[in-house]
Amino acid sequence: MVTSVISDMDGVIYRGKQLIAGANEFVQKLLADKTPFLFLTNNAEQTPLDLKLKLESLGIHGLTEDNFITSAMATAMFLRQQKERAKVYVIGGGGLINELYNVGFSISESNPDYVVVAKSSTFSFEQLKKAVRFIDHGAKFIGTNPDMIDPVEGGNEPAAGTILAAISAATGKKPYIVGKPNALMMMLASRKLGVHPEECVMVGDRMDTDIVGGMEAGMKTALVLSGVTTTDMLNDFPYKPDYVFNHVGEIDFKSL
Ligand SMILES: [Mg+2]
């Protein structure tokens with residue numbers, strides 16, 4: 001039985017700066033019914049507060065910071081499970097650094113246990129060189145999310161995956177990447193909600209991230225056609241979602 005909801009945002013709640021039809025009704029229904037839910041994003045730059053403010057600016061009110069999980073949070077949760085105390089060299093923004101502090105890790109350039117990489121708008125050759133040398137000396141190589149590019153106004157912007165690829169090229173090592181489509185991210189989200197994955201439905205607009213990750217985590221999956229996927233594209237994938245909706249406003253969780 002589905003008791004809880006984990007939902008993607010881009011292509012589900014908004015597209016660019018545009019609220020998607022039915023999205024506010026969807027959120028208000030979750031709040032009114034006291035359905036446990038989380039918005040899940042591969043974005044590691046924005047904090048839960050940034051995301052709450054973004055949704056408020058689109059007219060969605062009543063959310064708290066507890067309603068969000070980012071790939072930065074999931075990465076910190078994962079690393080804390082792996083190691084109680086650790087020194088981390090970070091390529092990424094304040095959001096990621098905060099999450100690593102929150103789990104008791106220290107940020108260090110002296111023999112770090114991990115090199116953790118997210119999208120960084122200030123990425124430099126010096127950082128690339130340091131990351132490569134730390135990994136060559138045995139630091140474990142971690143990525144928050146695999147996205148190569150982020151489509152932004154005016155064109156594409158290189159994202160975490162592009163920086164990970166540069167470090168991989170120089171070290172010959174592959175990173176372990178926590179964000180979608182890794183089902184680990186969905187499992188950590190269900191743990192944050194305090195429910196089993198089987199009790200969750202994963203809502204998203206992408207077959208190759210949201211739907212495959214939710215399916216592999218053991219969740220029910222609901223594809224919405226308000227983002228990048230069209231009905232015609234469904235047959236291109238060797239797996240299918242449990243449900244397909246035009247937009248989130250159509251979903252009645254009690255009937256899933
Ligand atoms: Mg999406």
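Numbering starts at 1 and runs along the chain as it is shown here.
Yeah, the Cβs are placed from backbone N, Cα and C, and that goes for glycine too.
The candidate list ASP147, ASP150, ASP205 contains one residue that TrEMBL assigns to the Mg(2+) site with ASP8, ASP10, namely ASP205. Residues ASP8, ASP10, ASP205, taken from the recorded positions ASP8, ASP10, LYS180, ASP205, are distinguished by a CB atom under 6 angstroms from ligand 1. Under the three-state DSSP scheme, ASP10 (Mg(2+) binding site) falls in the strand class.
On the backbone, the CA of ASP10 (Mg(2+) binding site) and the CA of LYS180 (substrate binding site) stand 13 Å apart.
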